[in-house]
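Undergrad: For reference, the structure I am asking about is given below.
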Amino acid sequence: MDIGCKVLVFFTCFLTVTAEIYIVTMEGEPIISYKGGDNGFEATAVESDEKIDTTSELVTSYARHLERKHDMLLGMLFVEGSYKKLYSYKHLINGFAAHVSPDQAEMLRRAPGVKSVDRDWKVRKLTTHTPQFLGLPTDVWPTGGGYDRAGEDIVIGFIDSGIFPHHPSFASHHTTVPYGPHPSYKGKCEEDPHTKISFCNGKIIGAQHFAEAAKAAGAFNPDIDFASPMDGDGHGSHTAAIAAGNNGIPVRMHGYEFGKASGMAPRARIAVYKALYRLFGGFVADVVAAIDQAVHDGVDILSLSVGPNSPPATTKTTFLNPFDATLLGAVKAGVFVAQAAGNGGPFPKTLVSYSPWITTVAAAIDDRRYKNHLTLGNGKMLAGIGLSPSTRPHRSYKMVSANDVLLGSSGMKYNPSDCQKPEVLNKKLVEGNILLCGYSFNFVAGSASIKKVAETAKHLGAAGFVLVVENVSPGTKFDPVPSCIPGILITDVSKSMDLIDYYNVTTSRDWMGRVKDFKAEGSIGDGLEPILHKSAPEVALFSARGPNTKDFSFQDADLLKPDILAPGSLIWSAWSANGTDEANYIGEGFALISGTSMAAPHIAGIAALVKQKHPQWSPAAIKSALMTTSTVIDRAGRPLQAQQYSETETVTLVKATPFDYGSGHVNPSAALDPGLIFDAGYEDYIGFLCTTPGIDAHEIKNFTNTPCNFKMVHPSNFNTPSIAISHLVRTQTVTRRVTNVAEEEETYTITSRMEPAIAIEVSPPAMTVRAGASRTFSVTLTVRSVTGAYSFGQVTLKGSRGHKVTLPVVAMGQRR
């Protein structure tokens, strides 16, 4: 008996040490594509882009059948207690996630009925004024009955870090029309385990959390991660409010109002699927379970501000893995998917969103800039940033460096110039003066914050504070932070050195270097009001860039990514009271943050408006409408520009390309009436996969349950509103099919342009398309010279009734 217990304990410890999470895909169709024939179960599949009635007896009985098969396989192979099944995936893919040892994973790979076994991998988050910037209040919301009808009955699902349900952006009473029951959504609402109150209120229509993989990996901490849909990070609340937050919510911090916030579709319903957490991000097994559940519940739109930390270990292509295959199933079910492009810019091939069925969103800087200035006693004015009030007008204040006002007893266990600890600074010397602090790497790493600098300065009675940057690494992002007292961050190193030189020259010291008299003076300007720039939009420095890649050897794909550009820099939106994702906004109700995480929900919300107006449109049709009506011209009438590094590693502006912005910056009002669309369905996506060189047909069958019987000839013939040819030899012709979604017949003139290395020709030069009808046209590209670089161009279809449809063209000429 004693020996048996010891053996059991040893075996359990062995599993704990070596077990990992694996995602297993099985033979047999998931619910979305099952056509019947398995043990007498009737078909559950519907036509592409249609929704399944997940409550029907057909669906529920087949779902139970699949789960029993998963359990039977595990029970047949392994002793009970030696493994843990985390999820059964039944709706979009047929498989399960399990916590098993590597040896057990190998047994699963060899087991009959198993198609693939993938070790789980991590994902990460890709982290007001924009409705006006995009023209929603004047040009879009009125067409749907006003802001209190914009997005009516459209459900947006958020795969993110949860939601703070008590925020006014999500209040159900902030509307003139009460929310009633939704006609088709079937998701459930979890309760707060502490208050026993539901997370749902009519505006929030579904709320669930997924953490089985996180728990199995030992990453989940219930004290800070919350075993509920509660947002312990802030990121999820921020993204949900961007897409579907209530209209006209005052953004207040430190006694100041920074405008009024609104979601893109303020009447849309919010369905929360929490699968990301504050410290470790998330696991694909949890994210796949969340997506599977969201589509089962009946969401219309999925917003994904999430991407992989690294490529999956066992897949050969970027398009085929459990995550992308699940999203393909979602699109097949009629769900539009917006995913953040990633924050690896401005470097090429940094995208984390690859597949043609996903709408990949890059981040733009809009026309609002928060600038401030510091005026020195010698009259020199230094530019900086800071969302703060000014010091008293017509008055200068002495400036004191934190390093010069240290208390003698302070232990130097941290960098005192960071100004994070008021107790180590001499209040008598700081009081009434401007505190001069240093912006060290600790601010980049998150162990120091501007919020704490402001609190330190206020505690010491300072008139304000200045942060100087003495050195900076490429990629360092400086965002303005709201402050309760006057404050400014001097982001330019040369200007910071001007300030330091002025301070050192004017400060009187004894022979030991101790200050005898502080004589440097300065005053801080008013940084509360934004300045509007006509150069907007611009592609943000951090926004991931193309070209798209088809495998993890970084070979270029014949598919343009990103797809579209949307606001993603300095976005005001809701924040969780528990949020710790941004140190500067801990405990606040709103946050001003940047990332492609912020761009994706803009597109999700705008897609909801398009879906509201055109409820029968497929995800590809919605994507096409957004892309073909986007703009490549900024507010000043110039071609879009992108932030980029110069040779000296300073940030500069260069002419942007489709690898920066895709088709262009979103134009919501035009997207509601695009004239023509480039539609595509499930078979088109399979055709793209089957014609992409290097993708094995067996692998396609494993992940999609669909054989390669489609004749597309070349992946560039996939019917998307862009053309990309990574290996153009001599001449190649591609075709596109357009459908007239306007109410009347229209004649389109087709023109094209291309950079000199590639010749371009379109045929026919004009065509008439009846309402509801489809026509094809061809684009022929010919290599004129091999330059070793991509050439960029555009095809434009200009309609006789005012519609204008554009698609970008990218191609690289090769000798063979």
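Each residue, glycine too, has its Cβ placed from N, Cα and C.
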Undergrad: Look up Asn471, Asn578 in Swiss-Prot and give me whichever carries the note N-linked glycosylation site.
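TA: In Swiss-Prot, Asn578 carries the N-linked glycosylation site label; others show none in the record.
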Undergrad: Nearest to Asn702 (N-linked glycosylation site) by Cα distance: which of the recorded positions Asp160, His235, Asn578, Ser597 is it?
TA: Asp160
Undergrad: Considering Cα atoms only, can you say which of Asp160, His235, Ser597 is the nearest neighbour of Asn578 (N-linked glycosylation site) among these active-site residues?
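TA: Going through Asp160, His235, Ser597 one by one, the Cα closest to that of Asn578 (N-linked glycosylation site) is His235.
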Undergrad: Report, in whole Å, the straight Cα-to-Cα distance of Asn504 (N-linked glycosylation site) from Asp160 (active site, charge relay system).
TA: 49
Undergrad: Counting by DSSP secondary structure, give me helix, strand and coil numbers for the domain 'PA' (418-492).
TA: 23 helix, 16 strand, 36 coil
Undergrad: Could you tell me the C-alpha distance between Ser597 (active site, charge relay system) and His235 (active site, charge relay system) in angstrom, no decimals?
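TA: Just about 8 Å between their Cα atoms.
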Undergrad: Using a 10 Å cut-off, grab the number of neighbouring Cβ atoms around the Cβ of Asp160 (active site, charge relay system), all chains included.
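TA: Excluding its own Cβ, Asp160 (active site, charge relay system) sees 30 Cβ atoms within 10 Å.
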Undergrad: Tell me the Cβ neighbour count for Ser597 (active site, charge relay system), meaning other Cβ atoms within 10 Å of its Cβ, over all protein chains shown.
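TA: Cβ-Cβ neighbours of Ser597 (active site, charge relay system) within 10 Å number 31.
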Undergrad: If you count Cβ atoms within 10 Å of each one, which of the glycosylation sites Asn504, Asn702 comes out on top?
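TA: It comes out as Asn702.
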Undergrad: I'm trying to understand the geometry here, so how far is the Cα atom of His235 (active site, charge relay system) from the Cα atom of Asn504 (N-linked glycosylation site), in Å to the nearest whole number?
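TA: Distance between the two Cα atoms comes out at 42 Å.
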Undergrad: Through the lens of DSSP with three states only, how would you label His235 (active site, charge relay system)?
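TA: In the DSSP reduction, His235 (active site, charge relay system) maps to helix.
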